[in-house]
Every structure is written in C-alpha cells, then in structure tokens.
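Below: one structure, written as structure tokens.
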Amino acid sequence: MSRQQRRREYSTDSLERTPSDDLHYQGMLRALEGRKDERDRVQKKTFTKWVNKHLIKTQRHVNDLYEDLRDGHNLISLLEVLSGETLPRERDVVRSVRLPRERGRMRFHKLQNVQMALDFLRRRQVKLVNIRNDDIADGNPKLTLGLIWTIILHFQVSCSISDIQVNGQSDDMSAKEKLLLWSQRMADGYSGVRCDNFTTSWRDGKLFNAVIHKHEPRFIDMGKVYRQTNLENLEQAFSVAERELGVTRLLDPEDVDVPHPDEKSIITYVSSLYDAMPRVPDVQDGVKANELELHWQEYYELVTVLLQWIRHQAHIFEEKKFPSSYEEIEILWRQFLKFKETKLPAKQSDKSRSTHLYQSFESAVHAGQVKVPPGYHPTDVEKEWGRLQVSILERERLLRIELERLERLQQIVSKVQTESGMCEEQINQTESLLQTDIRLLSAGKPAQHTAEVERDLDKADGMIRLLFNDVQLLKDGRHLQAEQMYRRVYRLHERLVNLRSDYNLRLKPSVSTASHVSITQISQKSVQRARPELDEVTLRYAQDLLSWVEENQRRIDTAEWGIDLPSVESQLGSHRGLHQTIEDFRAKIERARTDESQLSPASKGTYRDYLGKLDLQYNRLLNSSKSRLRNLDQLYNFVSAATKELMWLNDKEEEEVNYDWSERNTNMTAKKENYSGLMRELEFREKKINDIQATGDRLIKDGHPGKKTVEEFSAALQTKWSWILQVCCCIETHLRENTAYFQFFADVRDAEQRMKKMQETMKKKYTCDRSTTATRLEDLLQDAVEEREQLNEFKSDIAGLTNRAKSIVQLKPRDPTSPSRGKLPVQAVCDFKQMEITMHKGDECTLINNSQPFRWKVLNRSGNEAVVPSICFLVPPVNKEAVESVSSLDAGQQQTQALWQKLHADLRSLLSWQYLMKDIHLIRSWNITTLKTMKSDEYQLMLRNLQMHYQDFLRDSRDSRLF
C-alpha cells in the first residue's frame with residue numbers, strides 16, 4: 001500500500017468527522033473546484049487569442065477553442081504557421097500552403113486530421129502526455145487546453161526563451177526558470193516591484209509596466225504607475241504593448257487582478273513580450289551591460305536613419321520623369337554629381353561605421369543576448385545599399401541620355417533662333433527692294449530689282465522649309481520652346497507668302513515701255529496680265545497644303561511603335577504633338593477655301609479639285625492620327641503595366657537567386673516566413689499578370705499595329721512568371737533539405753550532450769566501494785536496470801540518426817571559401833533552359849566551378865557547359881560530415897554501454913560480497929551456546945546460504961575490477 005493510500009485510508013477510516021467538519025470539507029472542495037473552473041476559463045480565453053494571433057496568417061479564426069479544433073483543420077493550420085513547414089497542393093505547384101488533410105466531415109476524418117497533427121508534434125520531439133486524437137475530436141476541455149499549452153511551451157516559450165543569456169543562469173535551467181530570471185533582471189531597480197513567480201507578482205500591473213519601461217522608458221510614466229489602481233496599470237501595460245510593440249492583447253485586466261492569476265496565461269504573455277524586445281540588459285564576454293546597450297542603441301539608430309535615407313533616395317532615383325527644360329535638367333545633373341561627390345561618401349562612411357558597431361557586439365547576437373530585428377542585419381543593409389547603387393547607375397544613365405537629348409534640342413533652338421533672325425533680315429531686305437520697285441512702277445519708271453527680289457524670295461523659301469523641319473524636331477522632342485519657335489517661323493512664312501503675292505501681282509509682269517500710255521492704262525493692263533499670276537500663287541498654296549498632308553500621312557504610316565517603355569512613351573509624346581498640329585491644320589484649309597473667291601473663273605474648277613482632294617486626304621490623315629494616338633495609348637498602358645510586373649519579378653528573382661543557402665545561414669525560420677510572404681505576393685500578382693496577359697491577347701486578336709511589341713512583352717512576362725515558379729520550387733526544396741540538415745546536426749549535438757551527461761551521471765551515481773550498504777546497492781541496481789532502458793532508447797535514437805545521415809545533403813560546396821576539388825555531382829531541382837544548356841528537374845549534372853556562390857559552372861549529360869544559378873541545384877548525399885558524426889556517436893554509445901556494464905558488474909559484485917560478508921559475520925558471532933541451541937535445520941540452511949552467496953560472489957566478481 002502506498003503512502004498516499006495509507007494517508008487516505010487513515011483520513012477516512014480512523015477519524016470520526018463531525019457534521020461541521022463535513023461542511024467545512026465540502027466548502028473547501030467547492031472553493032477548489034471554483035478556482036479550477038476560473039483558471040480553465042482564463043486559459044481558454046488566453047489560448048484562444050494566442051491561437052487566433054497565428055491563424056490570422058491563414059485567414060482562419062477560432063471562436064470556441066474546444067469546438068473549433070475538433071475537426072483538426074485549425075490545428076493543422078496552426079502548426080503550419082508555427083513550424084513554417086508546408087507541402088504543395090496537388091493542383092498548384094506555387095501555392096505550397098497546407099499539410100495533407102482529410103476533407104470529410106465524418107468522425108473518422110476528424111480523428112485522422114487530429115492524428116496528423118499529433119504525429120507532426122511527436123516527430124518534432126514534443127512530448128504529449130495522455131493526449132489522444134479522440135480526446136481533441138470529442139472536445140475534451142482539459143486535454144484541449146493541455147495540448148495548446150504543450151504547443152505554446154514548444155513553439156512560443158521554449159523556442160523563444162532558449163536563447164536568453166542573463167547573469168546568474170545555469171546550464172540546466174528550464175525555459176520557465178530562464179524567463180523568470182529575465183523578468184527579475186528587467187524589474188531590477190524599480191522600487192516596490194518584485195518578480196517571484198508568474199502569478200501574484202504580476203497582479204498589480206506594476207511589473208508589466210516596469211518591463212516595458214526598462215525596454216523603452218518613453219512608453220511608460222512610472223510615476224503614474226505607482227498612483228494608479230491595479231486595473232488601470234494592467235490596462236495601460238496591455239494597451240501600450242499592443243500599440244507600441246505589436247504584442248497581441250492575450251490578457252484582460254480583470255483576469256489578472258485576482259487572488260490567484262493563471263500562471264500559464266501569464267507565461268504565454270510574458271514570453272510574447274520578450275519576443276518583442278530585442279535588447280537585453282546583461283553582459284557578454286566582460287563587456288558591461290550599459291556598454292553593450294549603448295553599442296546596440298547606436299547601431300539601431302544609425303541603421304534606422306541609414307535605411308530610411310537609402311530607401312528615400314532609391315525612391316527618388318526610380319522617378320523616370322524629368323523636366324523638359326534644358327536649364328532644369330542641367331541643374332538636376334549638377335545636383336546628382338554633388339550627391340555622388342558629397343552625400344554618398346558620407347553615407348558610405350555611416351554604413352562602414354554600422355558594420356564596425358555590429359562587429360563589436362556580434363558575439364552577443366550569436367549568444368542570443370541581443371536580438372536583431374528583421375531587416376537590421378549588416379547583410380540587409382548591404383542588400384539595400386546594392387539596390388541603391390543600381391538605381392544610382394540607372395539614374396546616371398537616364399540623366400545622361402536626357403541631358404544629351406535636351407542639349408541637342410537646345411542647339412536646334414539656338415540654330416532656329418539664329419537662322420530665323422537671318423531669314424527675317426532677308427525678308428526685310430526683300431520687302432524693301434520690292435517696295436522700291438513698286439514705287440518706281442507707280443512713278444512710270446521701270447523696276448530695277450525684279451531678278452534680285454525673285455532670287456531672295458526663293459532663298460527665303462528654302463530657309464523657311466529647313467526651319468520648319470527643325471521646328472518639327474523640337475515638337476517631336478517635346479521641347480518647351482517648340483511652340484514658340486513654330487509661331488516664329490510660321491509668321492515668317494506668312495510674310496513670305498504675302499511678299500510673293502505682291503511680287504507676282506505687281507512686279508513680275510513685264511512693264512510696257514510705250515510712253516504715250518498713261519499710268520492708269522499701264523496699271524489696268526498689269527492687273528489684267530497679273531490675274532494668271534494670282535491664280536498660280538493660290539493654286540501653289542493649295543498644292544503646298546496637299547503636299548504637307550501627304551507627307552505627314554507617309555510619316556504616320558511608316559512610324560515605329562517602340563520596343564520598350566521609354567521608346568513607346570517617346571512615340572506617344574511625339575505623336576501627341578503631331579496630332580495637335582494636324583488638328584490645327586484645319587484652319588489653313590478653311591483659309592484656302594476663302595481664297596477661292598480671288599481666282600479667275602478658268603482656275604476655279606482646278607482649285608475645287610485641289611480642295612476636294614485636300615479634304616479627302618486631310619480626313620484620312622486626321623483619322624489615321626486619331627487611330628495611332630488611340631493605339632499608342634493602349635500600347636503604352638499595356639507596356640507600362642507589363643514593365644512594372646517584370647521589374648517586380650526581376651527584383652524577386654534577384655533576391656531569391658542571390659539568397660545564401662550555405663551552412664553559414666542557419667535562420668530557416670525567417671526564410672520560411674519570408675517565403676510565405678512571397679507566396680502571398682505571388683497570389684496577389686498572379687491576378688494582375690493574368691489581366692495584363694488577357695489585355696495583350698485582346699490587342700493581338702484585334703490586330704493592334706504594335707502587335708510585335710505586345711507579343712514580345714507577353715512572352716517575356718510568361719517566361720519570367722514561369723521562371724519565378726521554378727525558383728519557388730527550388731526554394732521549397734532547399735527549405736526542406738536545409739531544415740533537415742540543420743535539424744540533423746542539432747540533434748547530433750543534443751545526442752552528444754545527452755551521452756556525455758549520461759556518462760557523467762553513471763560515473764557519479766554508480767561508483768561505489770565496500771562501504772556501500774546492501775540496501776543502497778539494491779536501489780542502485782534497480783536504477784541501473786531502468787538506466788539500461790534509457791540506453792536502449794538512446795541506441796534506437798542513434799539508429800534513427802544513422803538512417804537520416806544517408807539523406808542529408810551537402811552544403812559546404814555552397815560556400816565560396818570551400819572550392820570544389822574535381823568534378824562534383826549535383827542534381828537539378830527545377831527546369832532550366834537557356835541558349836547554352838537545357839536541363840529538367842531531377843537531371844544529374846557536374847559542378848565544375850563554384851567560385852561564385854550564386855552562379856555555378858556546370859556540365860550536363862549532353863556535354864554542354866554553362867553558368868547556371870546555384871539555386872537550381874542540390875548537392876546530393878552522401879554527406880561525409882553527417883556520416884562521420886553519427887559514427888562518432890555510435891562509438892560513444894558503445895563506450896557508454898561498456899561503462900554501464902562495468903559499473904553494473906561492480907554493483908552486483910559488491911552486493912554479492914555484502915551478502916557473503918553478512919553470512920560470515922553471522923557465523924563468526926556464533927559461540928558454543930548458540931551451536932548447542934541451534935536446530936539442525938537452521939544450521940544446514942545457514943551453511944547452504946553461505947555456499948550459495950559464495951558461489952554468487954565468485955560469479956558476479958568475475959567481471960568486476962573491485963575484486
């Protein structure tokens with residue numbers, strides 16, 4: 001009968017209880033039961049909030065913890081989020097979202113799903129005590145809470161707290177003890193604030209506020225805390241933690257301000273607080289806590305400012321629109337050069353200083369004493385800096401192109417200004433000569449400059465034609481002064497047309513030399529002879545208009561559409577200017593219509609034919625221009641959207657292809673979270689890309705004139721999307737293999753420590769001598785038998801590690817500091833095709849050169865050699881290091897087994913010796929009186945025992961080193 005049974009029997013049978021005792025006893029039971037119910041209620045509420053905090057990433061939600069976990073779906077989703085482990089759907093290679101699960105609603109479906117979750121936990125060495133799948137499927141409250149608490153302990157408390165390094169901790173402290181010690185360190189220095197446990201110490205809320213204040217003093221006014229009530233303090237701490245630190249509000253003040261707060265709920269919340277606080281006020285390698293804190297704070301602030309500056313500058317440099325003024329672009333260029341000469345070197349110095357600062361506490365980071373938030377590692381800064389450098393180079397290239405373009409246009413503006421001035425002088429001189437000859441004719445004298453005027457008019461006409469060509473170049477280039485130059489040249493053209501009309505009407509006809517004809521008669525004859533000349537000028541003007549229409553029609557018909565976004569944008573801007581000119585051209589046609597009244601009846605028929613043809617050709621030109629403008633708008637929208645997605649895909653490709661999958665990068669959990677984010681982004685982008693592809697297909701189907709450009713962008717988008725899907729396949733494979741790699745070596749290290757501890761324990765516990773009592777030896781022998789069971793279990797674990805070692809990949813070849821010797825076989829984990837090489841998933845290739853970590857030179861089975869992204873390959877087993885580590889473990893296990901056998905033999909021999917010596921001492925104590933009074937049977941029994949114990953001693957001491 002056990003001690004507890006005896007105590008229970010005594011309390012119920014041996015004592016008489018009075019009725020008042022029964023009432024008191026029942027009251028105690030009811031109080032204990034009520035406290036248990038209250039504890040379960042608080043735990044259920046806290047655990048529900050904790051579960052929902054993680055399930056939100058999968059768009060799931062739990063309302064009733066006991067009911068909503070019964071079918072296993074939410075449980076599996078929770079474990080996927082916490083572990084980061086995913087398996088692909090059958091129909092979708094990209095969306096690797098869920099563990100396999102049963103979709104039915106029958107009880108056996110629920111049991112199967114819950115069992116999957118429990119098996120998953122056991123594979124991760126999570127101990128589940130008396131929790132079966134039917135307990136969860138039936139909604140057992142106690143065991144459901146127990147399961148969630150086990151999950152919280154493994155994924156939240158143990159994983160988060162395992163890296164705590166604080167003064168005063170020992171190696172064998174549990175995660176709970178470490179968290180308590182951390183809380184005590186955070187509470188140091190606060191009057192009236194003590195942390196003795198995870199229950200009553202937190203009731204008044206001061207400890208919560210002190211922890212947050214130690215992390216960031218500006219968040220909490222401790223003077224106010226000492227004046228507030230418990231509920232006010234708790235409300236303040238939970239609100240500030242949620243608002244400023246992003247800690248989910250798992251607790252409610254009224255659940256903590258009770259006589260016996262729930263320990264598990266508070267541990268869950270405090271571990272969440274620890275996760276949100278990357279700074280630790282302890283020491284590392286002799287560096288004082290405040291020095292470490294100062295170094296970290298300086299680094300954090302410096303990197304924060306630096307990253308903000310980098311992203312701001314990168315955003316500025318990504319702007320593709322520039323001023324259209326040469327003076328403004330020149331100012332922009334000088335500012336850019338000044339930026340490169342002054343600001344960039346200063347920030348580069350800040351970056352170098354941040355690297356040196358990080359190195360000063362890097363050991364503390366590796367020890368878990370300082371937690372660096374995501375995006376604040378020096379490699380993250382380098383990545384952002386690299387993107388800035390790329391944007392700077394691209395900015396410089398675009399600025400140079402734009403500066404050179406505007407410089408050429410500015411030269412054209414200067415040329416137009418100079419030559420238009422010369423043309424204006426030419427027209428002024430011609431006008432002066434023409435007026436002189438007209439006055440001579442009016443005076444009845446012959447004209448003297450007829451030939452010179454005609455020659456100057458033709459010269460001015462040629463100059464204006466060249467000026468119109470230059471003005472068109474300015475319009476095509478969207479120069480600010482294009483319209484101004486056009487109006488200037490157009491005014492010169494109008495003056496020239498008027499001069500030519502005066503010349504043809506008043507000067508060109510032959511002047512009669514008959515002296516008896518009066519000036520009036522001469523004028524009348526001149527007008528009569530000038531009528532054909534007027535018709536000629538008007539008809540020529542209509543011909544010029546028609547020629548302009550036909551020339552621009554040819555220009556539109558033969559115009560390019562552009563092959564990329566800048567060229568399409570340039571074509572669109574150029575044509576907008578041309579289209580405006582074409583619309584303005586209608587005014588000239590209307591003017592030509594009014595000129596019809598000046599023609600002679602003989603010329604009106606021909607002129608109407610010209611005008612009819614001009615109307616027809618102009619309407620065709622206007623429709624062609626509208627159509628081209630509409631098509632360019634469609635093409636620009638399509639190319640702009642496609643370019644944006646291609647740039648995003650290129651950025652993601654570069655980020656993933658250049659990810660470090662070597663053994664130096666052990667943070668697979670962060671990568672899993674990053675990959676989950678990528679999957680969500682891809683799902684979002686997939687719809688946009690499908691819409692763009694549909695737009696492209698519609699443009700091609702409708703016969704868009706820029707069909708070639710549309711087809712090229714659609715093909716590029718499809719190729720890039722297919723490639724990013726292949727990259728995702730590679731990431732999934734590397735995540736799985738690298739996780740297995742690091743988990744394997746972590747398990748090997750744990751096994752080594754476990755084995756070492758077992759050896760030390762056995763030596764310390766089972767090393768005895770002849771002074772050890774028989775009772776003690778019997779207890780030790782019983783313990784040794786149980787120890788042998790642990791040894792057998794350990795041997796089974798090593799056998800499992802031996803099997804796992806055969807499937808561990810090699811990561812050392814991914815380290816450029818470990819160049820491959822000879823030809824190393826590698827395996828393709830995705831499809832890859834380029835001009836030099838084609839390979840498919842599962843193909844074996846040969847690694848020739850791995851000097852570049854992200855680009856490997858490989859040889860395929862066909863003998864083709866090329867440089868391929870290293871993410872496409874896996875260096876398959878056997879990993880010699882893994883095999884050797886397990887072999888070393890196996891040898892150690894055999895040594896441990898031999899040590900156990902030796903110590904066990906010593907214990908048995910000592911026990912046999914003790915039994916023998918007990919018999920000998922008993923016999924030696926006999927005297928004559930004893931022998932006379934002793935019965936014969938007793939004497940014979942004693943001798944048989946002595947003989948038996950002697951034989952046992954001879955047998956047991958044979959393998960002992962003690963005898």
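Just so it is clear, glycine is given a Cβ too, placed from its N, Cα and C backbone atoms.
Of the given residue ranges 371-401, 495-525, 774-804, 805-835, TrEMBL assigns the label coiled coil to 774-804. Residues 740, 744, 747-748, 751, 754-755, 758, 762, 765-766, 768, 886, 889-890, 893, 896-897, 900, 903-904, 907-908, 910-911, 914-915, 918 of the same chain sit 6 or more residues outside the coiled coil (774-804) yet have a Cβ under 8 Å from a Cβ within it. Helix, strand and coil counts under DSSP for the domain 'Calponin-homology (CH)' (173-278) come to 67 helix, 0 strand, 39 coil.
Each residue of the domain 'Calponin-homology (CH)' (41-156) gets a DSSP state, and the totals for helix, strand and coil are 71 helix, 0 strand, 45 coil.
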